[in-house]
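A short worksheet on the structure shown next.
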């Protein structure tokens, strides 16, 4: 339905739309509806929000420039008229093309307004995205990613602006409305033109953004910032009146800062602007452990994020129940390893411990099940979809599958069984209590028999609860 109008915002908002052959017509139409729902409350114009669409295909194509549709009615019609191009999923090429258009007069882009990229993807790209995406972020573009498919969490979280929990969403294409308001509010934090605010917040830095106040450098800014509970550590900095953003670094982790921007001018009086920003926790790695590519005798372990303050990682693993534990040492620059020589159809406890330069250690554990010999279902994995909810997804089984049966045995609460059609390779698991370990099994169904399934244990455990937990090597 109609949304309350949002004014006082100014920014160039670019949608990177997957228009390749890997997306079905139905998915493409749902994404177009989502784009309009996201934009509907904004006001459009040369002093408000401008938007554009670039297609991801074999060759990137701009659907319309930023300054072509400056009313809600014409923009909605333009989005409805957008046609899928098909072709290859050359996302890297589209990102390089987007960088040119974000800053070109030809595309109707404005030089001094915030830039926002919203990339809606099914999680697949045929070319490299890391370098062109980093160039965009280095030029001040805030990147939001919405994955409707099996996207690699580590790759997409590195591509999105930080922190990923604010800029990266995994959601089924039929459930895009769930994230519309949250994503719109996050975009508003970037493009609201009438106040000082912070973006790109890390454990030791954040970028301040504010509206342009001075013309032709007729003044300057005094910036003051200090920890909220330690005003004696206040720092002061002066910057040119031409600035509209500034990166503050060398900050303390997990600390709230009070920031004041004081415009200094002999021509006009501008009131000071203030904001309060809290940095992220410093030693947070690993915050997530992912188990993938499970086979009868091996699985792949990956974790995120990786930090410069980590010297190395220890990966300990052992069967459950049992007392034998083995250790893998991994260099601090890497964020994954393969655990091999495992027993089939066995549950393992895997603990990843980060060893910091400071001597501190942080750990996080996950459970994994190796497949049965000759199992048909492959690569069962999970994505966090919010409180008490996970998305389970898997790769298609071999042969003429009539459907899949997904069984969830909850530690607390009733077990559930869901049957889905052969085209469906994911389901949402709800009502999973925090702190519980649940067993999820996916089995392919054939005409005359059921295939071999794949089971994994998944623990609903906040990262903070696992910090400090370690295996002890037994003699």
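Residue positions begin at 1 at the first shown residue.
Cβ coordinates come from backbone N, Cα and C, glycine included.
If you look up TrEMBL, you'll see 12-191 marked as domain 'VWFA'. Residues or ranges marked as domain 'Fibronectin type-III' by TrEMBL: 192-283, 285-373, 376-463.
Across the domain 'Fibronectin type-III' (376-463), the DSSP tally of helix, strand and coil residues reads 1 helix, 45 strand, 42 coil. Each residue of the domain 'Fibronectin type-III' (285-373) gets a DSSP state, and the totals for helix, strand and coil are 0 helix, 50 strand, 39 coil. Helix, strand and coil counts under DSSP for the domain 'Fibronectin type-III' (192-283) come to 3 helix, 43 strand, 46 coil. In the predicted model, the domain 'Fibronectin type-III' (376-463) shows an average pLDDT of 84.
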